[in-house]
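Peer 1: According to TrEMBL:
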type   : residues : note
DOMAIN : 29-90    : domain 'DUF7843'
DOMAIN : 107-272  : domain 'Lnb N-terminal periplasmic'
DOMAIN : 378-591  : domain 'DUF7840'
REGION : 367-386  : region 'Disordered'
SIGNAL : 1-24     : signal peptide
Amino acid sequence: MRDFARRWLAVALFVLPCSVAATPAPSSSAAWLALLHADQDGHSRIDSAGFFISAEGARDPQAEWQATLDGFRDDPALACRYPARWQLMRAHEPQLADLPPDACADYARWRERLGTRGVTLVLASAYLGNPSSTFGHTFLRLDADGSPLLAWAVNFAAQTQDQPGPSYAIKGLAGGYTGRFSLGPYYDKVAEYAYLEQRNLWEYPLKLDAAALDRLLAHLWELQHAGFDYFFLDENCSFQLLALIQASRPELPLTRGFDLFAAPVDTIRRLQAHGLIDAVAYRPALRDTLEGRLQQLDAEQQAAVQAILKSPGAVLPEQPRVLDVVADLARYRSAVGVLGRRPDAARKARWLALEEQALSTRSGLQQASGWLPAPAPPAPDQSHLSQRLGAGGLALDGVSQLVLDWRPALHDLLDGAYGLAADSEIAILDTQLSVRSGTWRLQRLSLIDVRSLPPRDAWFSPWSWQVAAGYRRDLADGQGLWRLAGGLGLSRTLGVSASLLGQAAAVLGEGGQRGLEYGAELVLRERWHANAPWQISVQHTRRVGRIVGDGDDRTWLRVGQHWQINPRWGLRVQFAHEHRSRRDVLEAQLMRYF
(Lines of atoms letter the chains of each structure in order from A and count residues from 1; the text may use other names and numbers.)
(Lines give C-alpha, C1' and ligand atoms only; values in the text may rest on other atoms or scores of the structure.)
Protein backbone atom coordinates (compact mmCIF):
# COMPACT_ATOMS: atom_id res chain seq x y z
CA MET A 1 0.00 0.00 0.00
CA ARG A 2 2.83 2.39 0.88
CA ASP A 3 4.59 1.55 -2.42
CA PHE A 4 1.37 2.29 -4.31
CA ALA A 5 0.96 5.61 -2.48
CA ARG A 6 4.54 6.62 -3.17
CA ARG A 7 4.20 5.74 -6.84
CA TRP A 8 0.90 7.63 -7.11
CA LEU A 9 2.43 10.67 -5.42
CA ALA A 10 5.45 10.58 -7.76
CA VAL A 11 3.19 10.40 -10.81
CA ALA A 12 1.01 13.22 -9.47
CA LEU A 13 4.01 15.44 -8.79
CA PHE A 14 5.27 14.77 -12.33
CA VAL A 15 1.93 15.35 -14.06
CA LEU A 16 0.79 18.38 -12.06
CA PRO A 17 3.51 20.77 -13.27
CA CYS A 18 2.86 19.64 -16.84
CA SER A 19 -0.84 20.33 -16.42
CA VAL A 20 -0.17 23.73 -14.99
CA ALA A 21 2.31 24.54 -17.77
CA ALA A 22 -0.21 23.47 -20.40
CA THR A 23 -2.51 26.32 -19.37
CA PRO A 24 -1.07 29.45 -21.01
CA ALA A 25 -0.88 32.67 -19.07
CA PRO A 26 -3.34 35.35 -20.22
CA SER A 27 -0.39 37.51 -21.27
CA SER A 28 0.57 34.93 -23.90
CA SER A 29 -2.96 34.27 -25.11
CA ALA A 30 -3.95 34.83 -28.72
CA ALA A 31 -6.38 37.53 -27.61
CA TRP A 32 -3.68 39.57 -25.85
CA LEU A 33 -1.15 39.16 -28.66
CA ALA A 34 -3.81 40.32 -31.13
CA LEU A 35 -4.39 43.52 -29.13
CA LEU A 36 -0.65 44.19 -29.20
CA HIS A 37 -0.37 43.24 -32.91
CA ALA A 38 2.38 40.87 -31.80
CA ASP A 39 3.70 37.74 -33.49
CA GLN A 40 4.16 34.39 -31.79
CA ASP A 41 7.49 35.58 -30.36
CA GLY A 42 5.80 38.55 -28.71
CA HIS A 43 7.26 41.22 -31.00
CA SER A 44 4.72 43.90 -31.85
CA ARG A 45 4.34 45.41 -35.32
CA ILE A 46 3.27 48.71 -33.74
CA ASP A 47 6.27 51.03 -33.86
CA SER A 48 5.06 54.05 -31.87
CA ALA A 49 6.25 53.85 -28.28
CA GLY A 50 3.26 55.85 -27.05
CA PHE A 51 0.93 52.93 -27.69
CA PHE A 52 2.55 50.87 -24.93
CA ILE A 53 2.37 51.42 -21.19
CA SER A 54 5.53 49.45 -20.39
CA ALA A 55 8.86 50.56 -21.84
CA GLU A 56 9.34 46.91 -22.85
CA GLY A 57 5.79 46.43 -24.09
CA ALA A 58 6.70 46.25 -27.78
CA ARG A 59 8.84 43.16 -27.11
CA ASP A 60 7.47 41.70 -23.89
CA PRO A 61 3.71 40.92 -23.74
CA GLN A 62 3.97 39.91 -20.05
CA ALA A 63 5.53 43.26 -19.13
CA GLU A 64 2.78 45.10 -21.02
CA TRP A 65 0.10 42.99 -19.32
CA GLN A 66 1.49 43.77 -15.88
CA ALA A 67 1.92 47.47 -16.65
CA THR A 68 -1.65 47.66 -17.94
CA LEU A 69 -2.96 45.82 -14.87
CA ASP A 70 -1.10 48.19 -12.55
CA GLY A 71 -2.38 51.16 -14.53
CA PHE A 72 -6.01 50.01 -14.30
CA ARG A 73 -5.70 49.53 -10.53
CA ASP A 74 -4.07 52.91 -9.99
CA ASP A 75 -6.33 54.83 -12.38
CA PRO A 76 -9.49 53.10 -13.67
CA ALA A 77 -9.92 55.98 -16.15
CA LEU A 78 -7.10 54.36 -18.15
CA ALA A 79 -9.75 51.88 -19.30
CA CYS A 80 -11.20 54.67 -21.45
CA ARG A 81 -7.99 54.72 -23.48
CA TYR A 82 -7.81 50.92 -23.73
CA PRO A 83 -11.39 49.59 -23.72
CA ALA A 84 -10.49 46.33 -25.50
CA ARG A 85 -7.72 45.61 -22.99
CA TRP A 86 -10.12 46.39 -20.15
CA GLN A 87 -12.69 43.90 -21.45
CA LEU A 88 -10.09 41.16 -21.77
CA MET A 89 -8.29 41.72 -18.48
CA ARG A 90 -11.46 41.90 -16.37
CA ALA A 91 -12.22 38.36 -17.52
CA HIS A 92 -8.84 37.12 -16.22
CA GLU A 93 -7.94 39.35 -13.27
CA PRO A 94 -10.34 39.06 -10.28
CA GLN A 95 -8.82 42.17 -8.71
CA LEU A 96 -10.35 44.25 -11.53
CA ALA A 97 -13.84 42.83 -11.14
CA ASP A 98 -14.70 45.12 -8.23
CA LEU A 99 -13.39 48.29 -9.86
CA PRO A 100 -16.26 50.46 -11.10
CA PRO A 101 -16.06 51.04 -14.86
CA ASP A 102 -15.49 54.64 -15.87
CA ALA A 103 -18.25 56.36 -17.84
CA CYS A 104 -15.78 57.00 -20.73
CA ALA A 105 -17.82 59.83 -22.19
CA ASP A 106 -15.55 60.40 -25.21
CA TYR A 107 -15.57 56.73 -26.16
CA ALA A 108 -19.34 56.49 -25.67
CA ARG A 109 -19.94 59.55 -27.88
CA TRP A 110 -17.63 58.11 -30.54
CA ARG A 111 -19.50 54.81 -30.58
CA GLU A 112 -22.83 56.64 -30.73
CA ARG A 113 -21.64 58.84 -33.60
CA LEU A 114 -20.55 55.78 -35.59
CA GLY A 115 -23.80 53.91 -34.94
CA THR A 116 -22.18 50.75 -36.26
CA ARG A 117 -24.43 47.74 -36.89
CA GLY A 118 -22.03 45.74 -39.05
CA VAL A 119 -18.74 45.87 -40.95
CA THR A 120 -17.99 45.50 -44.66
CA LEU A 121 -14.54 44.94 -46.13
CA VAL A 122 -14.15 46.93 -49.35
CA LEU A 123 -11.61 46.07 -52.05
CA ALA A 124 -10.61 48.76 -54.55
CA SER A 125 -9.15 47.22 -57.70
CA ALA A 126 -5.51 47.78 -58.65
CA TYR A 127 -4.40 51.31 -59.46
CA LEU A 128 -1.11 51.43 -61.37
CA GLY A 129 -0.70 55.17 -60.81
CA ASN A 130 0.39 54.66 -57.19
CA PRO A 131 2.95 52.05 -56.01
CA SER A 132 1.10 51.51 -52.73
CA SER A 133 -2.08 50.55 -54.63
CA THR A 134 -0.48 48.54 -57.42
CA PHE A 135 -2.04 45.33 -56.10
CA GLY A 136 -5.30 46.93 -54.95
CA HIS A 137 -6.38 48.45 -51.66
CA THR A 138 -8.73 47.38 -48.88
CA PHE A 139 -10.52 49.34 -46.19
CA LEU A 140 -13.51 48.84 -43.88
CA ARG A 141 -16.97 50.37 -43.99
CA LEU A 142 -18.73 50.66 -40.63
CA ASP A 143 -22.33 50.01 -41.64
CA ALA A 144 -25.06 51.90 -39.82
CA ASP A 145 -28.73 52.64 -40.42
CA GLY A 146 -29.36 54.57 -43.62
CA SER A 147 -27.47 54.80 -46.90
CA PRO A 148 -24.13 52.98 -47.09
CA LEU A 149 -22.64 56.10 -48.69
CA LEU A 150 -23.18 57.96 -45.40
CA ALA A 151 -21.38 55.29 -43.35
CA TRP A 152 -17.89 55.77 -41.92
CA ALA A 153 -14.86 54.17 -43.59
CA VAL A 154 -11.77 52.89 -41.76
CA ASN A 155 -8.60 53.33 -43.79
CA PHE A 156 -4.99 52.37 -43.14
CA ALA A 157 -2.47 54.27 -45.23
CA ALA A 158 1.07 55.60 -45.30
CA GLN A 159 1.43 59.16 -44.08
CA THR A 160 3.34 60.90 -46.85
CA GLN A 161 3.26 64.08 -48.86
CA ASP A 162 5.59 62.68 -51.54
CA GLN A 163 4.43 62.35 -55.12
CA PRO A 164 4.56 58.81 -56.53
CA GLY A 165 7.97 58.18 -58.08
CA PRO A 166 11.20 56.20 -57.56
CA SER A 167 11.98 57.61 -54.09
CA TYR A 168 8.37 57.11 -53.03
CA ALA A 169 8.45 53.46 -54.13
CA ILE A 170 11.82 52.78 -52.50
CA LYS A 171 10.78 54.28 -49.17
CA GLY A 172 7.52 52.34 -49.30
CA LEU A 173 9.30 49.05 -49.97
CA ALA A 174 11.78 49.72 -47.14
CA GLY A 175 9.27 50.81 -44.49
CA GLY A 176 10.25 54.46 -44.73
CA TYR A 177 6.74 55.77 -44.04
CA THR A 178 4.50 55.61 -40.99
CA GLY A 179 1.09 54.00 -41.48
CA ARG A 180 -1.94 54.97 -39.40
CA PHE A 181 -5.64 54.19 -39.15
CA SER A 182 -8.08 56.96 -39.94
CA LEU A 183 -11.83 57.51 -40.28
CA GLY A 184 -13.68 59.32 -43.04
CA PRO A 185 -17.01 59.27 -44.89
CA TYR A 186 -17.53 56.36 -47.24
CA TYR A 187 -18.79 58.69 -49.96
CA ASP A 188 -15.35 60.33 -50.01
CA LYS A 189 -13.77 56.92 -50.67
CA VAL A 190 -16.24 56.21 -53.46
CA ALA A 191 -15.46 59.59 -55.02
CA GLU A 192 -11.70 59.02 -54.70
CA TYR A 193 -11.55 55.45 -55.98
CA ALA A 194 -14.56 54.98 -58.27
CA TYR A 195 -14.64 58.48 -59.82
CA LEU A 196 -11.15 59.99 -59.60
CA GLU A 197 -8.98 56.86 -59.97
CA GLN A 198 -11.52 54.78 -61.95
CA ARG A 199 -11.31 51.70 -59.71
CA ASN A 200 -14.05 49.16 -59.22
CA LEU A 201 -15.14 48.58 -55.62
CA TRP A 202 -16.04 45.16 -54.24
CA GLU A 203 -17.94 45.12 -50.93
CA TYR A 204 -17.65 42.03 -48.72
CA PRO A 205 -19.90 42.04 -45.60
CA LEU A 206 -18.12 40.46 -42.62
CA LYS A 207 -19.91 37.89 -40.50
CA LEU A 208 -19.23 39.25 -37.01
CA ASP A 209 -21.55 38.72 -34.07
CA ALA A 210 -22.29 41.50 -31.58
CA ALA A 211 -19.41 40.55 -29.26
CA ALA A 212 -16.87 40.44 -32.09
CA LEU A 213 -18.13 43.76 -33.45
CA ASP A 214 -17.76 45.32 -29.99
CA ARG A 215 -14.17 44.03 -29.72
CA LEU A 216 -13.28 45.39 -33.16
CA LEU A 217 -14.58 48.88 -32.38
CA ALA A 218 -12.99 48.91 -28.93
CA HIS A 219 -9.62 48.03 -30.44
CA LEU A 220 -10.02 50.55 -33.27
CA TRP A 221 -10.42 53.23 -30.59
CA GLU A 222 -7.12 52.07 -29.04
CA LEU A 223 -5.33 52.40 -32.40
CA GLN A 224 -6.15 56.08 -32.93
CA HIS A 225 -2.60 57.19 -32.19
CA ALA A 226 -0.71 53.99 -33.08
CA GLY A 227 1.92 54.21 -35.80
CA PHE A 228 3.26 51.34 -37.89
CA ASP A 229 6.21 51.15 -40.26
CA TYR A 230 4.45 50.83 -43.62
CA PHE A 231 5.72 48.27 -46.14
CA PHE A 232 4.05 48.11 -49.56
CA LEU A 233 4.52 44.35 -49.95
CA ASP A 234 3.72 42.78 -46.58
CA GLU A 235 2.80 45.07 -43.65
CA ASN A 236 0.47 47.10 -45.85
CA CYS A 237 -3.14 48.27 -45.66
CA SER A 238 -4.63 44.82 -46.20
CA PHE A 239 -2.43 43.10 -43.64
CA GLN A 240 -3.08 45.71 -40.95
CA LEU A 241 -6.84 45.53 -41.53
CA LEU A 242 -6.59 41.77 -41.18
CA ALA A 243 -4.79 42.29 -37.87
CA LEU A 244 -7.59 44.62 -36.74
CA ILE A 245 -10.20 42.01 -37.64
CA GLN A 246 -8.18 39.35 -35.82
CA ALA A 247 -8.53 41.37 -32.62
CA SER A 248 -12.27 40.71 -32.90
CA ARG A 249 -11.78 36.97 -33.57
CA PRO A 250 -8.43 36.17 -31.90
CA GLU A 251 -8.97 32.42 -32.08
CA LEU A 252 -8.54 32.56 -35.88
CA PRO A 253 -5.00 32.64 -37.35
CA LEU A 254 -5.85 35.37 -39.84
CA THR A 255 -2.43 37.03 -40.15
CA ARG A 256 -0.19 33.96 -40.26
CA GLY A 257 1.73 33.18 -43.43
CA PHE A 258 1.97 36.70 -44.86
CA ASP A 259 5.70 36.97 -44.25
CA LEU A 260 6.73 37.99 -47.77
CA PHE A 261 3.69 39.43 -49.49
CA ALA A 262 0.14 40.34 -48.48
CA ALA A 263 -1.96 40.82 -51.60
CA PRO A 264 -5.32 42.42 -50.81
CA VAL A 265 -7.20 39.65 -52.61
CA ASP A 266 -5.33 37.02 -50.57
CA THR A 267 -6.48 38.59 -47.31
CA ILE A 268 -10.04 38.31 -48.60
CA ARG A 269 -9.47 34.65 -49.40
CA ARG A 270 -8.15 34.15 -45.85
CA LEU A 271 -11.35 35.62 -44.41
CA GLN A 272 -13.42 33.43 -46.73
CA ALA A 273 -11.51 30.34 -45.63
CA HIS A 274 -12.46 31.04 -42.01
CA GLY A 275 -16.13 31.66 -42.76
CA LEU A 276 -16.13 35.43 -42.25
CA ILE A 277 -17.15 36.24 -45.84
CA ASP A 278 -19.73 34.54 -48.05
CA ALA A 279 -21.15 37.34 -50.22
CA VAL A 280 -19.99 40.28 -52.34
CA ALA A 281 -21.54 43.39 -53.91
CA TYR A 282 -20.15 45.31 -56.89
CA ARG A 283 -19.85 49.09 -57.16
CA PRO A 284 -18.52 49.98 -60.64
CA ALA A 285 -16.01 52.69 -61.44
CA LEU A 286 -17.35 55.69 -63.31
CA ARG A 287 -15.68 54.54 -66.53
CA ASP A 288 -17.28 51.09 -66.30
CA THR A 289 -20.68 52.72 -65.76
CA LEU A 290 -20.05 54.98 -68.73
CA GLU A 291 -19.01 52.13 -71.01
CA GLY A 292 -22.18 50.24 -70.12
CA ARG A 293 -24.36 53.27 -70.85
CA LEU A 294 -22.59 54.15 -74.10
CA GLN A 295 -23.34 50.65 -75.38
CA GLN A 296 -27.04 51.33 -74.75
CA LEU A 297 -27.09 54.52 -76.87
CA ASP A 298 -28.08 54.33 -80.52
CA ALA A 299 -25.96 55.98 -83.24
CA GLU A 300 -27.98 59.20 -83.21
CA GLN A 301 -27.66 59.58 -79.45
CA GLN A 302 -23.91 58.91 -79.58
CA ALA A 303 -23.53 61.58 -82.28
CA ALA A 304 -25.44 64.05 -80.08
CA VAL A 305 -23.09 63.36 -77.16
CA GLN A 306 -20.01 63.86 -79.36
CA ALA A 307 -21.39 67.17 -80.66
CA ILE A 308 -21.96 68.47 -77.13
CA LEU A 309 -18.45 67.48 -76.01
CA LYS A 310 -16.96 69.39 -78.95
CA SER A 311 -19.12 72.48 -78.27
CA PRO A 312 -19.78 72.60 -74.49
CA GLY A 313 -21.62 75.94 -74.75
CA ALA A 314 -24.31 74.61 -77.08
CA VAL A 315 -27.94 74.26 -76.04
CA LEU A 316 -28.45 70.79 -74.59
CA PRO A 317 -31.18 68.54 -76.01
CA GLU A 318 -33.95 67.39 -73.71
CA GLN A 319 -33.01 63.73 -74.03
CA PRO A 320 -32.56 62.00 -70.65
CA ARG A 321 -30.05 59.40 -71.81
CA VAL A 322 -27.93 61.91 -73.70
CA LEU A 323 -27.88 64.25 -70.69
CA ASP A 324 -26.95 61.41 -68.31
CA VAL A 325 -23.98 60.39 -70.45
CA VAL A 326 -22.84 63.99 -71.02
CA ALA A 327 -22.86 64.62 -67.26
CA ASP A 328 -20.91 61.42 -66.57
CA LEU A 329 -18.38 62.07 -69.35
CA ALA A 330 -17.85 65.64 -68.16
CA ARG A 331 -17.27 64.38 -64.62
CA TYR A 332 -14.87 61.74 -65.94
CA ARG A 333 -12.87 64.24 -68.00
CA SER A 334 -12.71 66.73 -65.15
CA ALA A 335 -10.99 64.02 -63.10
CA VAL A 336 -8.98 62.06 -65.67
CA GLY A 337 -8.61 64.47 -68.57
CA VAL A 338 -8.27 63.72 -72.27
CA LEU A 339 -5.44 61.88 -74.08
CA GLY A 340 -4.00 60.79 -70.75
CA ARG A 341 -3.37 64.37 -69.56
CA ARG A 342 -4.76 65.63 -66.28
CA PRO A 343 -6.89 68.74 -66.96
CA ASP A 344 -5.54 72.13 -66.00
CA ALA A 345 -7.68 74.48 -63.92
CA ALA A 346 -9.40 76.05 -66.92
CA ARG A 347 -10.28 72.73 -68.57
CA LYS A 348 -11.40 71.27 -65.28
CA ALA A 349 -13.71 74.24 -64.70
CA ARG A 350 -15.11 73.87 -68.22
CA TRP A 351 -15.92 70.19 -67.72
CA LEU A 352 -17.44 70.82 -64.31
CA ALA A 353 -19.60 73.59 -65.78
CA LEU A 354 -20.80 71.22 -68.50
CA GLU A 355 -21.61 68.58 -65.89
CA GLU A 356 -23.61 71.11 -63.86
CA GLN A 357 -25.44 72.30 -66.99
CA ALA A 358 -26.34 68.74 -68.00
CA LEU A 359 -27.54 67.85 -64.50
CA SER A 360 -29.58 71.05 -64.28
CA THR A 361 -31.29 70.36 -67.60
CA ARG A 362 -31.82 66.72 -66.66
CA SER A 363 -33.46 67.65 -63.35
CA GLY A 364 -36.24 69.42 -65.24
CA LEU A 365 -37.21 66.26 -67.11
CA GLN A 366 -39.55 63.78 -65.48
CA GLN A 367 -38.79 60.95 -67.91
CA ALA A 368 -36.80 57.97 -66.61
CA SER A 369 -33.68 56.98 -68.54
CA GLY A 370 -34.35 53.25 -68.28
CA TRP A 371 -30.71 52.26 -68.00
CA LEU A 372 -29.91 48.59 -67.67
CA PRO A 373 -27.33 48.04 -64.92
CA ALA A 374 -23.92 46.98 -66.15
CA PRO A 375 -23.35 43.27 -65.43
CA ALA A 376 -20.88 42.67 -62.63
CA PRO A 377 -17.60 41.14 -63.79
CA PRO A 378 -16.16 38.19 -61.86
CA ALA A 379 -14.96 39.26 -58.42
CA PRO A 380 -11.17 39.40 -57.87
CA ASP A 381 -11.30 36.59 -55.31
CA GLN A 382 -12.37 34.26 -58.14
CA SER A 383 -9.10 34.81 -60.04
CA HIS A 384 -6.05 32.56 -60.06
CA LEU A 385 -4.10 32.56 -56.79
CA SER A 386 -1.32 35.10 -56.36
CA GLN A 387 1.88 33.06 -56.06
CA ARG A 388 3.01 30.82 -58.89
CA LEU A 389 5.44 27.91 -59.21
CA GLY A 390 6.23 26.46 -62.63
CA ALA A 391 8.14 23.38 -63.78
CA GLY A 392 8.84 22.19 -67.29
CA GLY A 393 11.32 22.00 -70.11
CA LEU A 394 13.17 24.36 -72.41
CA ALA A 395 14.73 23.53 -75.77
CA LEU A 396 17.37 25.98 -77.06
CA ASP A 397 18.64 25.13 -80.54
CA GLY A 398 17.52 21.56 -79.98
CA VAL A 399 19.31 21.19 -76.62
CA SER A 400 16.91 20.40 -73.77
CA GLN A 401 17.09 21.53 -70.17
CA LEU A 402 14.76 21.64 -67.19
CA VAL A 403 13.38 24.96 -65.93
CA LEU A 404 11.82 26.04 -62.64
CA ASP A 405 9.84 29.26 -62.22
CA TRP A 406 8.74 31.06 -59.07
CA ARG A 407 6.75 34.29 -58.83
CA PRO A 408 5.41 35.53 -55.47
CA ALA A 409 3.06 38.03 -57.12
CA LEU A 410 0.80 38.59 -58.99
CA HIS A 411 -0.26 38.38 -62.66
CA ASP A 412 1.13 38.61 -66.19
CA LEU A 413 -0.56 39.17 -69.53
CA LEU A 414 -0.61 35.44 -70.31
CA ASP A 415 -2.21 34.36 -67.03
CA GLY A 416 -5.92 33.68 -66.99
CA ALA A 417 -7.72 37.01 -66.57
CA TYR A 418 -10.92 35.75 -64.92
CA GLY A 419 -11.55 38.25 -62.10
CA LEU A 420 -8.61 40.46 -63.14
CA ALA A 421 -7.90 43.27 -65.60
CA ALA A 422 -7.04 41.59 -68.91
CA ASP A 423 -4.89 44.50 -70.11
CA SER A 424 -2.47 44.83 -67.20
CA GLU A 425 0.54 42.96 -65.84
CA ILE A 426 2.01 43.22 -62.34
CA ALA A 427 4.84 40.76 -61.67
CA ILE A 428 7.23 40.91 -58.72
CA LEU A 429 10.43 38.83 -58.33
CA ASP A 430 9.57 36.57 -61.26
CA THR A 431 12.49 34.09 -61.23
CA GLN A 432 13.52 31.29 -63.60
CA LEU A 433 16.30 28.74 -63.09
CA SER A 434 17.48 26.17 -65.64
CA VAL A 435 19.43 22.98 -65.03
CA ARG A 436 21.41 20.98 -67.55
CA SER A 437 23.84 18.17 -66.74
CA GLY A 438 23.61 19.08 -63.08
CA THR A 439 24.54 22.74 -63.67
CA TRP A 440 22.08 25.41 -62.54
CA ARG A 441 21.83 28.78 -64.29
CA LEU A 442 19.80 31.87 -63.55
CA GLN A 443 17.78 32.63 -66.67
CA ARG A 444 15.61 35.46 -65.36
CA LEU A 445 15.12 37.57 -62.25
CA SER A 446 12.47 40.20 -62.85
CA LEU A 447 12.46 42.54 -59.88
CA ILE A 448 9.38 44.28 -61.19
CA ASP A 449 7.49 44.16 -64.45
CA VAL A 450 4.43 46.38 -64.80
CA ARG A 451 2.44 46.85 -68.00
CA SER A 452 -0.76 48.74 -68.61
CA LEU A 453 -2.21 48.33 -72.13
CA PRO A 454 -5.76 49.76 -72.01
CA PRO A 455 -7.30 50.19 -75.48
CA ARG A 456 -8.29 53.57 -76.88
CA ASP A 457 -11.61 54.24 -78.56
CA ALA A 458 -13.80 57.17 -79.57
CA TRP A 459 -14.56 58.01 -75.92
CA PHE A 460 -11.46 57.15 -73.89
CA SER A 461 -7.81 57.86 -74.71
CA PRO A 462 -5.50 56.28 -72.13
CA TRP A 463 -1.78 55.81 -72.73
CA SER A 464 -0.19 52.37 -72.69
CA TRP A 465 3.05 52.07 -70.74
CA GLN A 466 5.46 49.68 -69.10
CA VAL A 467 8.21 49.71 -66.47
CA ALA A 468 10.60 46.80 -65.92
CA ALA A 469 13.76 46.15 -63.95
CA GLY A 470 15.68 42.91 -63.65
CA TYR A 471 18.08 40.34 -65.07
CA ARG A 472 17.61 38.21 -68.16
CA ARG A 473 19.90 35.96 -70.16
CA ASP A 474 20.08 37.19 -73.75
CA LEU A 475 18.73 34.70 -76.26
CA ALA A 476 21.14 35.81 -78.99
CA ASP A 477 24.45 35.24 -77.22
CA GLY A 478 23.62 33.81 -73.78
CA GLN A 479 25.01 36.87 -72.01
CA GLY A 480 23.35 37.86 -68.75
CA LEU A 481 22.14 41.46 -68.74
CA TRP A 482 20.57 43.73 -66.15
CA ARG A 483 17.98 46.12 -67.59
CA LEU A 484 16.03 49.12 -66.37
CA ALA A 485 13.44 49.70 -69.07
CA GLY A 486 10.43 51.83 -69.82
CA GLY A 487 8.00 52.18 -72.66
CA LEU A 488 5.12 54.37 -73.80
CA GLY A 489 2.61 53.89 -76.57
CA LEU A 490 -0.95 53.24 -77.69
CA SER A 491 -3.33 50.29 -77.73
CA ARG A 492 -6.36 49.72 -79.93
CA THR A 493 -8.82 46.90 -80.46
CA LEU A 494 -8.57 45.87 -84.12
CA GLY A 495 -10.19 42.46 -84.07
CA VAL A 496 -7.45 41.62 -81.58
CA SER A 497 -5.87 43.84 -78.93
CA ALA A 498 -2.93 45.62 -80.55
CA SER A 499 -0.36 47.65 -78.61
CA LEU A 500 2.59 49.58 -80.04
CA LEU A 501 5.17 50.92 -77.58
CA GLY A 502 8.37 52.85 -77.99
CA GLN A 503 10.97 51.50 -75.58
CA ALA A 504 14.26 52.53 -74.00
CA ALA A 505 16.48 50.69 -71.52
CA ALA A 506 19.69 51.17 -69.59
CA VAL A 507 21.69 47.93 -69.79
CA LEU A 508 24.47 46.54 -67.59
CA GLY A 509 26.39 43.43 -68.67
CA GLU A 510 27.87 40.77 -66.39
CA GLY A 511 31.37 42.13 -67.04
CA GLY A 512 30.39 45.64 -66.01
CA GLN A 513 29.83 46.91 -69.56
CA ARG A 514 27.18 49.57 -69.85
CA GLY A 515 25.00 50.76 -72.67
CA LEU A 516 21.58 51.72 -73.89
CA GLU A 517 18.89 50.07 -75.96
CA TYR A 518 16.05 51.71 -77.80
CA GLY A 519 13.41 50.40 -80.13
CA ALA A 520 9.77 49.46 -80.39
CA GLU A 521 7.50 46.51 -79.67
CA LEU A 522 4.23 45.45 -81.25
CA VAL A 523 2.07 43.20 -79.08
CA LEU A 524 -1.00 41.37 -80.39
CA ARG A 525 -3.21 39.72 -77.79
CA GLU A 526 -6.43 37.77 -77.81
CA ARG A 527 -8.30 35.32 -75.60
CA TRP A 528 -10.34 32.38 -76.76
CA HIS A 529 -12.05 33.05 -73.45
CA ALA A 530 -10.97 34.70 -70.19
CA ASN A 531 -8.78 31.77 -69.17
CA ALA A 532 -7.22 30.90 -72.54
CA PRO A 533 -5.14 33.86 -73.74
CA TRP A 534 -2.59 33.90 -76.53
CA GLN A 535 -0.08 36.59 -77.34
CA ILE A 536 2.27 37.44 -80.22
CA SER A 537 5.04 39.99 -79.67
CA VAL A 538 7.44 41.44 -82.25
CA GLN A 539 10.22 43.55 -80.74
CA HIS A 540 12.98 45.42 -82.57
CA THR A 541 15.80 47.11 -80.65
CA ARG A 542 19.15 48.71 -81.35
CA ARG A 543 21.89 48.48 -78.75
CA VAL A 544 24.54 51.16 -78.31
CA GLY A 545 27.33 51.48 -75.76
CA ARG A 546 30.13 49.31 -74.45
CA ILE A 547 28.36 45.96 -74.63
CA VAL A 548 28.97 42.89 -76.77
CA GLY A 549 27.16 43.45 -80.06
CA ASP A 550 27.41 47.25 -80.00
CA GLY A 551 25.28 48.87 -82.66
CA ASP A 552 23.57 45.66 -83.73
CA ASP A 553 19.90 45.65 -84.60
CA ARG A 554 18.01 42.80 -82.98
CA THR A 555 14.53 41.53 -83.70
CA TRP A 556 12.60 39.10 -81.53
CA LEU A 557 9.44 37.19 -82.30
CA ARG A 558 7.67 35.75 -79.28
CA VAL A 559 4.50 33.64 -79.25
CA GLY A 560 2.74 32.40 -76.12
CA GLN A 561 -0.35 30.36 -75.31
CA HIS A 562 -1.71 29.77 -71.80
CA TRP A 563 -4.54 27.59 -70.52
CA GLN A 564 -5.84 28.46 -67.04
CA ILE A 565 -7.25 25.10 -65.98
CA ASN A 566 -8.59 26.45 -62.68
CA PRO A 567 -7.45 29.02 -60.08
CA ARG A 568 -4.68 26.65 -58.93
CA TRP A 569 -3.35 25.15 -62.17
CA GLY A 570 -2.27 26.43 -65.58
CA LEU A 571 -0.41 25.13 -68.64
CA ARG A 572 1.80 27.38 -70.78
CA VAL A 573 3.71 27.00 -74.06
CA GLN A 574 6.02 29.73 -75.41
CA PHE A 575 8.24 30.11 -78.47
CA ALA A 576 10.86 32.79 -79.16
CA HIS A 577 13.05 33.49 -82.19
CA GLU A 578 15.90 36.00 -82.46
CA HIS A 579 16.38 37.03 -86.09
CA ARG A 580 20.08 38.01 -86.16
CA SER A 581 21.43 34.89 -84.45
CA ARG A 582 18.73 32.60 -85.91
CA ARG A 583 18.30 31.07 -82.46
CA ASP A 584 15.03 29.50 -81.32
CA VAL A 585 13.76 28.54 -77.89
CA LEU A 586 10.67 26.47 -77.11
CA GLU A 587 9.38 26.25 -73.57
CA ALA A 588 6.50 24.36 -71.92
CA GLN A 589 5.55 24.51 -68.25
CA LEU A 590 2.92 23.34 -65.83
CA MET A 591 2.01 26.18 -63.44
CA ARG A 592 0.87 25.74 -59.85
CA TYR A 593 -0.80 28.77 -58.23
CA PHE A 594 -1.00 29.04 -54.45
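Just so it is clear, glycine is given a Cβ too, placed from its N, Cα and C backbone atoms.
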Peer 1: As a test of reading the model: what is the averaged pLDDT for the domain 'Lnb N-terminal periplasmic' (107-272)?
Peer 2: 93
Peer 1: Reported in the order helix, strand, coil, what are the DSSP residue counts of the domain 'DUF7843' (29-90)?
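Peer 2: Result for the domain 'DUF7843' (29-90), in helix, strand, coil order: 37 helix, 3 strand, 22 coil.
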Peer 1: Using DSSP, what is the helix/strand/coil residue split across the region 'Disordered' (367-386)?
Peer 2: 3 helix, 0 strand, 17 coil
